[in-house]
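If you check Swiss-Prot, you get these features:
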type	residues	note
DISULFID	C99-C191	disulfide bond
CARBOHYD	N5	N-linked glycosylation site
TOPO_DOM	1-30	topological domain 'Extracellular'
TOPO_DOM	52-56	topological domain 'Cytoplasmic'
TOPO_DOM	78-101	topological domain 'Extracellular'
TOPO_DOM	123-144	topological domain 'Cytoplasmic'
TOPO_DOM	166-195	topological domain 'Extracellular'
TOPO_DOM	217-238	topological domain 'Cytoplasmic'
TOPO_DOM	260-272	topological domain 'Extracellular'
TOPO_DOM	294-327	topological domain 'Cytoplasmic'
TRANSMEM	31-51	transmembrane segment
TRANSMEM	57-77	transmembrane segment
TRANSMEM	102-122	transmembrane segment
TRANSMEM	145-165	transmembrane segment
TRANSMEM	196-216	transmembrane segment
TRANSMEM	239-259	transmembrane segment
TRANSMEM	273-293	transmembrane segment
Amino acid sequence: MLHTNNTQFHPSTFLVVGVPGLEDVHVWIGFPFFAVYLTALLGNIIILFVIQTEQSLHQPMFYFLAMLAGTDLGLSTATIPKMLGIFWFNLGEIAFGACITQMYTIHICTGLESVVLTVTGIDRYIAICNPLRYSMILTNKVIAILGIVIIVRTLVFVTPFTFLILRLPFCGVRIIPHTYCEHMGLAKLACASINVIYGLIAFSVGYIDISVIGFSYVQILRAVFHLPAWDARPKALSTCGSHVCVMLAFYLPALFSFMTHRFGHNIPHYIHILLANLYVVFPPALNSVIYGVKTKQIREQVLRILNPKSFWHFDPKRIFHNNSVRQ
């Protein structure tokens, strides 16, 4: 039952209603979400394929890009298919375990993305401020250690949020006025008080990531403007263009969503929901487009693969050779 007066720690189901106030246009809302999902799916799969098959792209920067693409695939797949089920087929009912799993996956993916963007900022800092030692600093061993640190840090900060929800008793209405199982939407259905400490921790972690990225770019700008040759400055800054665009695509929707939730009390509720969707739906698609367009190595390899002449002259022995070299 979705409506009950009994207090339960683990109710059987919740009802995710979609975008409150826009139920009549759910079918039409689903089409841009579907297009965004296809873009995210195809774009990130292509990026992973290109990085895996092209030996010239086996560099730290592209390893981090592969991590980002994998994270984007997880985030978009954890959210958009269920949204489309709600928009097109009214499949809003979701089991408690599935709802918790979706919430946990969203937290994991957004946490991973934030850390990967932070590490990528450090990568750009080393590449521009200390280029001669770049390959000596970011060795394969260091990249592997950074990958482990990224995963461990995300798990350490995200897992407590899930245990907090599991400890809360739920009573009354089981309706979530959202398009996915959002943490605060679930917490508001609880009969117990919400511990704000976890929210402060999440905000602090995000602030630390942004601060590290900001410090990296301050140092990058200082190094660039100290270059003796004027024509070298735009070239140096262009290597950071993709990362800056991806960073803005990730953090700006989150900032707008937070600001409207905190201060926009007179803003219609459906605006809050749509902004929250921007935060989890659009970055995975935008990231693949941004890196595909602005990163020369990725763009050239994608065009070569999509070129019919290159396709018919595609030599599978080259991929086998690349894999043999790595082994």
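A Cβ is built for glycine as well, from the same backbone N, Cα and C atoms used for every other residue.
Residue density at C191 (disulfide bond): 11 other Cβ atoms are found within 10 A of its Cβ, drawing on all protein chains shown. Across the topological domain 'Extracellular' (260-272), DSSP classifies residues as 8 helix, 0 strand, 5 coil.
Within 10 Å of the C-beta atom of C99 (disulfide bond) sit 23 other C-beta atoms, taking all shown protein chains into account. As a summary of secondary structure, the topological domain 'Extracellular' (78-101) carries 18 helix, 3 strand, 3 coil according to DSSP.
According to DSSP, C191 (disulfide bond) sits in a coil region rather than a helix or strand. According to DSSP, the topological domain 'Cytoplasmic' (217-238) comprises 16 helix, 0 strand, 6 coil. Distant neighbours of the topological domain 'Extracellular' (260-272): 19-22, 177; these residues of the same chain sit at least 6 beyond its ends, with a Cβ under 8 Å from one of its Cβ atoms.
The helix, strand and coil residue counts that DSSP assigns across the topological domain 'Cytoplasmic' (123-144) are 19 helix, 0 strand, 3 coil. Using a Cβ-Cβ cut-off under 8 Å and counting only residues 6 or more beyond its ends in the same chain, the topological domain 'Cytoplasmic' (123-144) has close neighbours at 60-61, 63-64, 216-217, 219-220, 223-224, 236, 239-240, 243.
In the predicted model, the topological domain 'Extracellular' (260-272) has a mean pLDDT of 82. Residues of the same chain lying 6 or more positions beyond the ends of the topological domain 'Extracellular' (78-101) and with a Cβ under 8 Å from any Cβ of it are 2, 10-18, 26-27, 29-30, 33-34, 36-37, 40, 109, 162, 165-166, 176, 179-181, 186, 277, 280-281.
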